[in-house]
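Among the features that TrEMBL reports, transmembrane segment is placed at A:5-24, A:30-49, A:56-74, A:80-102, A:109-129, A:160-180, A:207-228, A:248-272, A:284-307.
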Amino acid sequence: MKTKVLMAILAVVIAGLIAVPWIASYFYVFIFTEILILGLFAASFNLIFGYTGMLSFGHAAFFGIGAYATALVLIHLEWPFLVCLLVSMGASALLALMIGFLSVRLNEVYFAMLTLAFGMMVFAIAYQWRSVTNGSDGLAGFTLGSFGLGLDLTLANPSVYYHVVLGIVAIAAIVLYLICRSSFGMILKAIRQNPERVSFAGLNVRTYRLVAFVIAGTFAGLAGGLIAPFLRVASPELLHWSMSAEPILMAILGGTGFFLGPFIGSAAFVLLETWITTYTESWMLVLGIILAMMVIFFRKGLLGTAIDWWMEVKK
Amino acid sequence: MKSISIKKLMVAMTATATLGTAGISYADDPIRIGGLYILSGSAATYGEFAQKGIDLAVDEINGSGGILGRQVEMVYEDTQGKASVAIQAARKLVYSEGVDALVGLDSSGVAQGMVPTMPELQKPLIITHAATPDVTGKLCNSFTYRISVNVAQNMKAAALVAAETDATNWTTIGPDYAFGHQSWEFFGNYLKEINPDVNLMSETNFPRFGAEDFTPFIDRVMDSDAEGVLISVWGGDLVNFVRQANTRGFFEKDLEVMFTVGAATEVLTALGEEMPEGVHLSTRYWYEAYDNDINDRFVKAYLDAYGNPPSYNAEGAYAAMYAYKQAMEAAGSTEGPAVAKALSGMSMEAPNGTVTFRKGDNQAMVSPNWGVSGPMHPEHGIRTLNNLQIFDGEKVARTVEETGCKL
């Protein structure tokens, strides 16, 4: 019975998301596009944070390089959009392999500091290599061409772009979910709980951590490849450490222990920001208060708290 | 499976919650105009001054019957000086707040990112401050207009001023983004044209926008054999820069110092006597430079309301509101494409004289002002400008062909 109810809710939610351009005010097409993209970014981060227990402060490096890769390809080569996304994923996977190789050998605060340092190095390169990245102004003024696969889609139309993002994020989320549910995902969870024990079981913890890091980076790159055409600019802010903080906040806000937690966190983050900035410019103050409350009183995040409550009531 | 579905429920709840805020009516509501300015951080005074200019214009317009018989209402968003933030803010203003037109933009970097998206929004934008030549050049489009002086116009004027001095070795200190780099590029090209003997030093200085500490750059210029220095640092940065330069003895050195936006009254008010005498200062509008009724009225109203003289940013924002009034009344509607079309080639009377949006690139032919800082003004608490030069906006502008704009 419970499963049936939940499946029905799931179907309604998916239908609702598909119908956003027709049922919500036009502005929310942009809001939901942003929620989906940042949700994927946060979900990719949660693979290493919530599942594997590695707190990275440099995840924006992969998000940003994905954005720059798509922007550069659109400006100089004008390849189809799907190919841009593949380039973004390839570029971020390569970068994640390099940074991960040097970082995963360390634990806890040392890992966090190292990823922060590498993230800032990538930021500095984007900021200073003016001839390629256009420095602090970032890359702008690119046009969206064809989608690829012979599909005739007008990507510059925000509703069309929203549906494209919805489709791609849904596929990416399913793949990430399958990874989390696989035996590989189980080992990651075990590493978070007790790395020594996993090690004694004969598994190479470092390799597992590296693979998780690269997968997370690749999906962050995909999210970055989606954000550049949406924002119409790939700027160094996308690579800045403060951008690395966003998936952390979103994951904690939504609930790190659940696969869809980061998506809920992203929705809460973006919607609150939109609504609060209408009334006051001090949105960060409000966010800070909410986060402090979450960590003190609702450590499982919005989703975890909601599920606990539902389980209590629905007994 | 169970847990996933509940999470989806949360998405559904948020989705339904958003529906409540949808829906905008048009009928006989006020005309809404969206303002996009920097309202936080080290350059926030520029946004504040623009708001003051706009408030003044809106009060006057509403007091005399509004536009097309409708009142005018402003909605502001903070761009934070970032292109991505500004683009999102513009979408919010157009699609959520239902604004009919947009004014604003303080930063060249923001303008470069945002202007290419204007045709999608189908609403006119009048830029009142951002100066990059590109937005009325290679990135131009039929929805984007600029009522303020651009870098090309101001640097042509700067080169004419620089050519009058004895300095041959020139360098620059400018913010590390489009504005700083393009100021130096255009200045250098024009100066070389006028006087091929000048030496543009390869050692240039581009501190980060919003950098607190400028002393390494100040020291570097003082240690070099530069004889002239073009400084395009602006806003709160410029205030910090001048204070630090004073303590280093920068202004005692035998240098020709040219501040490309140094006569912004925001900066002069903040600095008072700390702004040295005898340096070249420029602004896109100097409140004492224009002898006409509109300017007299504007300056008096501004002084009465706020107690300090209007800056170029206040003047640009003020004039932009009247530009919309005239264009909407000429078009007989507030429809974006119709208003944008009415702006093309339009001439209007503004505090800085007759302003015309050139048909070929939508750049207003307005005049850069250059002068040399003099004694303190007895009432206004800021430096006065001596040897004031008002350059002809059209003569210092690039030709339409040179801009690369194709409309």
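From the backbone N, Cα and C atoms, a Cβ is placed for every residue, glycine too.
Caution: TrEMBL annotation is automatic and unverified by curators.
Here the transmembrane segment (A:248-272) sits against the transmembrane segment (A:30-49); at least 3 CB pairs are under 8 Å, leaving out pairs fewer than 6 apart in sequence. Contact count against the transmembrane segment (A:56-74) (Cβ pairs under 8 Å) is highest for A:207-228, out of A:109-129, A:160-180, A:207-228, A:284-307. Contact between the transmembrane segment (A:207-228) and the transmembrane segment (A:109-129) does not hold: fewer than three of their C-beta pairs are under 8 Å, each pair 6 or more apart in sequence. Tallying C-beta pairs under 8 angstroms between the transmembrane segment (A:5-24) and each of A:30-49, A:80-102, A:109-129, A:160-180 places A:160-180 first. Sequence-remote contacts of a segment are chain residues at least 6 beyond its ends whose Cβ falls under 8 Å from one of its Cβ atoms, and for the transmembrane segment (A:160-180) they are 17-18, 20-21, 29, 32-33, 36-37, 39-40, 43-44, 47, 51, 81, 85, 144, 147, 153-154, 188, 215, 219, 222, 226, 229-230, 259, 263.
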